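Copied from TrEMBL, the annotated features are:
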- Lys179, Glu296, Gly322, Gly323, Asp324, Thr325: ATP binding site (BINDING)
Amino acid sequence: MRILNVPVKDGKVTSDARIRASLPTIELALKQGAKVMVTSHLGRPTEGEYNEEFSLLPVVNYLKDKLSNPVRLVKDYLDGVEVAAGELVVLENVRFNKGEKKDDEELSKKYAALCDVFVMDAFGTAHRAQASTHGIGKFADVACAGPLLAAELDALGKALKEPARPMVAIVGGSKVSTKLTVLDSLSKIADQLIVGGGIANTFVAAQGHNVGKSLYEADLVDEAKRLLGTCDIPVPTDVRVATEFSETATATLKSVNDIKDDEQILDLGDVSAQKLAEILKNAKTILWNGPVGVFEFPNFRKGTEIVANAIADSEGFSIAGGGDTPGSDRPVRHR
């Protein structure tokens, strides 16, 4: 079963939202007496090398606290694993296996040989053609979508095919280049686009403002200018900046007109965040992908909190997804 992609810091799970969402699937299989194996990736370790920093042991410890069934971690499993009925085995980080990210066929076959039924229940990694998400499905005797993945697809289909209007799409996070190109497609189905994170920085630069050392895509500034000419995209007018990318960095609130060369934008300012909250208040469908600031740092999560709470207060149907978003959307209620 491919699930459990969760953030870990200092040996502890920092957001359990994805584990909690997967627990019903795990518990259902265990209740039926199945021999259950689950796995996930964590971080970006060097393939072919074990690295304790990226071990799934924190996930195992979390599951032991939540389940009455026996839970254990298996480090070496490619040549087979003995699992008892009603037992949960967590297979160590798939990215320790050489060939995982390249969707290696031989590795995929080894994964498939471990199970009678492969259940893909990790919506957040379903787009990756890798051995534990794609390759295994080709070679497993039986491969299917899990309840969580099926529910996510149903909700996403509802939002994209027949959305209640007005529809608002929020695109944030740090992966700028891949998401900026998606905005053009979203502009054709959404009534309002909202940008945050590194993407918003690119639009700030497109308006001629200095963004200092901020994360942005200089070669996509022209594309951002084009989108601004064809779409209604609110660009931040105030931001929180710092002179270093650090959890302890001091946040300074200022206008986008006043950003210095040694500063970097790490969050929306209060005025900009409240403007987005007003837009979200009247939305009937909300699609949220990525935080609007560096929410992992306490001094730079206010913008994301304002947006998250606005979504929670909205009467509309909302979907939050993406590599970073679930960790930042704990206040959000999906309708």
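In case you wondered, yes, glycine gets a Cβ from its N, Cα and C as well.
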Quiz item: What is the total of other Cβ atoms whose distance to the Cβ of Lys179 (ATP binding site) is within 10 Å?
Solution: 22
Exercise. Would you count the other C-beta atoms found within 10 angstroms of the C-beta of Glu296 (ATP binding site) for me?
Key: 17
Quiz prompt | Per DSSP, three-state class assigned to Glu296 (ATP binding site) | solution = coil
